[in-house]
Amino acid sequence: MAAAVVLAAGLCVARRAVAVAGPRGVQVRGAAGVTDGDEVAKAQQAAPGGAAPTIFSRILDRSLPADILYEDQQCLAFRDVAPQAPVHFLVIPKKPIPRISQAEEEDQQLLGHLLLVAKETAKAEGLGDGYRLVINDGKLGAQSVYHLHIHVLGGRQLQWPPG
């Protein structure tokens with residue numbers, strides 16, 4: 001079953017733009033750089049499994065650059081290349097779990113650790129007034145990369161409902 005898990009609170013921080021090196025050269029994206037439709041289209045085309053490396057596995061093995069905010073033996077936090085808020089970063093496990101719905105009982109400690117890292121990194125990024133955590137799961141949940149990841153969004157007043 002596909003789902004999107006969303007946890008929310010209020011917020012406020014400075015707006016940012018990100019320069020992204022890609023196949024079309026360097027692009028600069030602001031907080032509204034990608035539309036919901038773009039992400040849904042990506043999710044519809046994303047392969048939910050397979051042997052091909054994901055963009056996140058390539059960031060983990062350092063074959064793709066990332067603006068890393070935090071790293072330990074279990075996870076990595078880095079800025080999103082297409083931010084949807086003034087502050088938008090991802091927290092990913094180093095263990096390749098494709099979807100939250102495929103996490104196992106043995107992943108319980110790791111999943112809790114990801115949330116704590118999200119909280120501490122949000123604090124370090126100045127999101128003391130609040131932020132939102134999002135985990136997309138599966139095609140209908142608009143998951144576009146099949147490596148579990150938590151989006152942390154903040155730096156402005158977020159709206160409800162999100163979808």
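Heads up, the Cβ atoms here are built off N, Cα and C, so glycines get one too.
Among the ranges 22-26, 92-96, 102-106, 147-151, the one that Swiss-Prot lists as motif 'Histidine triad motif' is 147-151. The sparsest Cβ neighbourhood within 10 Å, among the listed binding-site residues (S63, N136, Q143), is found at S63. Within its own chain, the motif 'Histidine triad motif' (147-151) has Cβ neighbours under 8 Å at 54, 56-57, 80, 84, 88-93, 96-100, 103, 114-115, 118, 132-136, counting only residues six or more beyond its boundaries.
In this structure, the C-alpha atom of Q143 (AMP binding site) lies 22 angstrom from that of K119 (N6-acetyllysine).
Note on the domain 'HIT' (55-163): mean pLDDT across this stretch is 97. You'll find the Cα of H149 (active site, tele-AMP-histidine intermediate) roughly 8 Å from the Cα of N136 (AMP binding site). Here the domain 'HIT' (55-163) is broken down by DSSP into helix, strand and coil counts: 29 helix, 28 strand, 52 coil.
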